[in-house]
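Swiss-Prot has this to say about the protein:
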type	residues	note
BINDING	CYS437, CYS443, CYS482, CYS486	[4Fe-4S] cluster binding site
BINDING	CYS486	siroheme binding site
Amino acid sequence: MVNTNNHISDELDKNLDEMEFLKANSDFLRGTIEQSLANPITGSITQDDAKLLKFHGSYMQDDRDLRDERRKQKLEPAYSFMIRVRVPGGKATPEQWIAMDDISNQYANHTIKLTTRQAFQFHGILKRNLKQSMKNINHAVLDSIAACGDVNRNTMCNPNPYQSQVHKEINDYATRISNHLLPRTNAYHEIWLDGEKVLDSSEEKEPIYGNTYLPRKFKIGIAVPPSNDIDVYSQDIGLIAIVEQDELIGFNVTIGGGMGMTHGITETYPQLGRLIGFIPKEKVVDVCEKILTIQRDYGNRENRKNARFKYTVDRLGETWVTEELNRRLGWEIKAPRDFEFEHNGDRLGWIEGINNWNFTLFIQNGRVKDTEDYLLKTALREIAEIHTGDFRLSPNQNLVIANVSPEKKEEIQAIIDKYKLTDGKNYTGLRRNSMACVAFPTCGLAMAESERYLPSLITKIEDLLDESGLKEEEITIRMTGCPNGCARPALAEIAFIGKAPGKYNMYLGGSFKGERLNKIYKENIDENEILESLRPLLLRYSKERLDGEHFGDFVIRDGVIAKVHDGRDFHS
């Protein structure tokens, strides 16, 4: 564990995790990435460089569908790279959308993944195309700096374009926070953009992070009540916008949320952010920096499984962390203001804003691609070519075609009709509120399918909903291929976390508003057991629910599952 005032340690404790030594000796995230990229013998890079590459917004992966066959043929794995593009608040111009579409066609697997943190993600990029892909992203005035790694990740905010003035201000704050907390190293520009090299990197400084950066990843998001679409309680720092008389006055602050855990290690668990107070809006960037530096100085650097800020808050106590924050700020944060969330989903379809329109398109699991009967990618390209507003990537992996002028609305609607694009109203409430991570075949951590499987599982659950008369009922359902929690499954009313191919832990009892953790209901079950478990529950819910009662609330009231008050009780 590191606890120093200057946060840049020349001699690291020998008990620290090996990643701390790698970061400290990486020459501010350069490592030998350039040499690895230049090696023509392999499609991979060294393991150390692969770890550092995450700070540049890319993961080395391989096609797990081909692993066994390539092993039999004595070939190395089918290596490729994922790039995650930093898009603060998920706001992109039509020109940027076209550029992302071009990159996906030229260098990736002809698809774009809209992530649960409002970023673009490309898969299947070969090593020889990695640098040009990065350059093309930069030409679009975007980047992948700090989209991954032990730093602040893409800062989220509510898309909310129909409240134009408040949203613009909130999106500006998301961008300011994201830019302020970027690493200052010149490594990204040197490696990917042929920037001028720093001759003496010993003079280089990381004024916020230091040369070992953070113990683990760090996530910040801004919610705008009544919508909790960013799942504010899942964030390391959650900011809840307080709006009075259509004016943003400040933010309530939550600390120490996080979704990830490790199967079989009960010392790891998901946790909700704790509400600690209210801050005026002009102080938000400084407050985020000071909270981040508390994690920098007191986070666990010996055990990465317990290194997230949620464990720091649990170990030191939210009162101590708040007092330390006040000390670093030089002033005291105030008591939290009143607010109320109603849901954590998206408002789909056309919504009228101030002098404009906004269309929220349902995109199942955020995968933008063309199929034989649904040319989604082609349609969005056509829209981008005529659109004069912008696009907003939603935290639920949907897409807002935003700020459509009244003059353009009919033209865009014609493209929507031509390609039969859906706002989700032809789907069940369950499917509209579904979310899945990538998992197989590219994610190296996946233990089971997720994105490729959840749609077909939902189809079978929909038969149960039809039997129960619940097809229009809004129920959140999420699936991940491993317990890292990328689709924020621990907040869903129904969730599945992969244990092995075809096997999942099933969780129930999350809140429709994203304010409560769920709890394990069945362990290591297959599809038949999933359906057999859900059928009686859905039938009971249909017959015995109270007026307006959501499924997650019902299973707790009915005694099916115990309510989780704190992440530390998640496994008990």
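Here the Cβ of each residue, glycine as well, is placed from N, Cα and C on the backbone.
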Counting across all protein chains shown, how many other Cβ atoms sit within 10 Å of the Cβ of CYS443 ([4Fe-4S] cluster binding site)?
22
Note down the number of other Cβ atoms within 10 Å of the Cβ of CYS486 ([4Fe-4S] cluster binding site), including every protein chain shown.
22
Does DSSP put CYS482 ([4Fe-4S] cluster binding site) in a helix, in a strand, or in coil?
coil
To test your reading of the [4Fe-4S] cluster site: which residues beyond CYS437, CYS443, CYS482, CYS486, same chain only, put their Cβ within 8 Å of the Cβ centroid of those residues?
VAL438, ALA439, LEU445, ALA446, SER450, THR480, GLY481, ASN484, ALA487
